[in-house]
Amino acid sequence: MPSASCDVLLDDIEDIISQEDSKPQDRQFSRKHVFPKVRRRNTQKYLQEEPRPPSDSTIPGIQKIWIRTWGCSHNNSDGEYMAGQLAAYGYKITENASDADLWLLNSCTVKNPAEDHFRNSIKKAQEENKKVVLAGCVPQAQPRQDYLKGLSIIGVQQIDRVVEVVEETIKGHSVRLLGQKKDNGKRLGGARLDLPKIRKNPLIEIISINTGCLNACTYCKTKHARGNLASYPIDELVERAKQSFQEGVCEIWLTSEDTGAYGRDIGTDLPTLLWKLVEVIPEGAMLRLGMTNPPYILEHLEEMAKILNHPRVYAFLHIPVQSASDSVLMDMKREYCVADFKRVVDFLKEKVPGITIATDIICGFPGETDQDFQETVKLVEEYKFPSLFINQFYPRPGTPAAKAEQVPAHVKKQRTKDLSRVFHSYNPYDHKIGERQQVLVTEESFDSKFYVAHNRFYEQVLVPKNPAFMGKMVEVDIYESGKHFLKGQPVSETRVYTPSISKPLAKGEVSGLTKEFRNRLGNHPNGTSDTCPATQHGSAYSRMVLQMSQYDCALKVATGLALLALLLHFWPDSLLTM
């Protein structure tokens, strides 16, 4: 663990001084007039205590790093960016936690269980004597929690400085970068979109179009971490999408805390962005739109319906309702009523036939009565949502909802079970059997028995494992359905179709290593040169050469002192007393 602890929130790492450094008065003390005192019995000490070359564990840039991410797509994108930067600087990203020298734990603050897993991982890392760097919404929102003391933290808007934090942590320092990025006093969306990254799936690019939101939901802790809305400019988002397609990506996910609010802070809106993006989506690729709250999409229903009907945009939208009780929604400060939600869903179902609407529901929010809950049950029974995320309410520290009178735990648990039972009482895909569909194959199933594809409505379709299908559009006949999936058999005369998509990067390969970025690395004291691949430890090697040269110098000094001691040892005492 770090040898120095620091709970001060810093703007720059340069302000850190390790406990191993000399004290100021020691550094200023001059020894030029001091003659070494000779002790004959300790003559061999000079030879025995020679300086040693630095060990691999303290030379930044050559260690193995394990990255664990919890939470939403936005958080996963942040994790991919941090992995890419670390790999570009010479670190080895490993999937083996026990083999790693440092753990980078990227947290989620939405639910208590996610934070519990995060806390347990910190404890395990400490037990295994791993270096630790913390990231994500938990330490950003509450950096002074007891279990975070003495640990390095990288803020959600500072992920472009992850290399600095990791390097200092490896040296034994505890550093924290939690500030917001601003330009002329205006808050920026966060780190640059053109940073290198390692995609968890080389075929899928996750693009955060904005950070933060405009709401103040009484149960939400994420707002404490991500802050108010800050949108990325359209041209930067379009450029990132184009670069992704050039690297073989065939599916783009747009994500944020609320995609529907995009652009309100920079004088634009979500439909304007989407129309620009569909212009650059190649044939054979698809775009998936992330979560949007009802109030903001209400203003753009006509345009959104047109976009969701586009052949290269999934007819899918995630619209959280949270409760079907207006009184509960008011207590949540959700800024809409149930009628608004129904209006959005009904309009899109009419204008975008077959559209998939996913939603979220919280069971047992403070003040929720049995009647309130029954209203929510009726909503699920009416719309039969094919994708429903049911969450038992957990009070998050520091939120208004945590201070309210709580629904008894056993009641919350029972309501969660009851709603889950309603959800599992219907199968939304039975009517799809016998259909012929075009699907995009992007990954392997968890049990490794199938490839996972998605149809036009972002419904999961399992297909046979044929390597020729991966990353391609394939035509299949649907022959089976389950609660969360369909199964498709490729049509015998089908042709694999993706003529306009480049060959994807290999798994674990760093994306975004443009010439401009390589030049920036070359100018950085710890960077990789333009001619050195990211997989080589160029920066680490140069630092090791420097430290070894310092070691050689120290060795020469020690040898000189030892010879001087020997000379004085055999020198006649009479000459010393003259």
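The backbone N, Cα and C atoms fix where each Cβ goes, and this holds for glycine too.
Taken from Swiss-Prot, the feature [4Fe-4S] cluster 1 binding site covers C72, C108, C137, and the record attributes it to sequence analysis. Taken from Swiss-Prot, the feature [4Fe-4S] cluster 2 binding site covers C213, C217, C220, and the record attributes it to sequence analysis. Per Swiss-Prot, domain 'MTTase N-terminal' is recorded for 63-171, and the stated evidence type is sequence analysis. Taken from Swiss-Prot, the feature domain 'Radical SAM core' covers 199-430, and the record attributes it to sequence analysis. Taken from Swiss-Prot, the feature domain 'TRAM' covers 430-492, and the record attributes it to sequence analysis. Residues or ranges marked as phosphoserine in Swiss-Prot (evidence: similarity to another entry): S121. What Swiss-Prot lists as phosphothreonine is T498. Per Swiss-Prot, transmembrane segment is recorded for 553-570.
Nearest to C137 ([4Fe-4S] cluster 1 binding site) in space, judged by Cα atoms and limited to the recorded positions S121, C213, C220, is C220. Of all the binding-site residues listed here (C137, C217), it is C217 whose C-beta has the fewest other C-beta atoms within 10 angstroms. Spatially, by CA atoms, the binding-site residues C72, C108, C213, C217, C220 include one closest to S121 (phosphoserine), and that is C108. Between C108 ([4Fe-4S] cluster 1 binding site) and C217 ([4Fe-4S] cluster 2 binding site), the C-alpha separation comes to 17 Å. Excluding the listed site residues C72, C108, C137, the same chain places W70, G71, H74, N75, S107, T109, V110, A114, G136, T222, A225 with Cβ atoms within 8 Å of the centre of the [4Fe-4S] cluster 1 site Cβ atoms. Note: the domain 'MTTase N-terminal' (63-171) comprises 55 helix, 24 strand, 30 coil (DSSP; helix = H, G, I, strand = E, B). For the recorded [4Fe-4S] cluster 2 site, residues C213, C217, C220 set the reference point as the centre of their Cβ atoms, and the other residues of that chain within 8 Å of it by Cβ are N215, A216, Y219, T222, K223, E257, D258. Taken together, the residues of the domain 'Radical SAM core' (199-430) have an average pLDDT of 96. In three-state terms derived from DSSP, C220 ([4Fe-4S] cluster 2 binding site) belongs to neither a helical nor a strand segment and is classed as coil.
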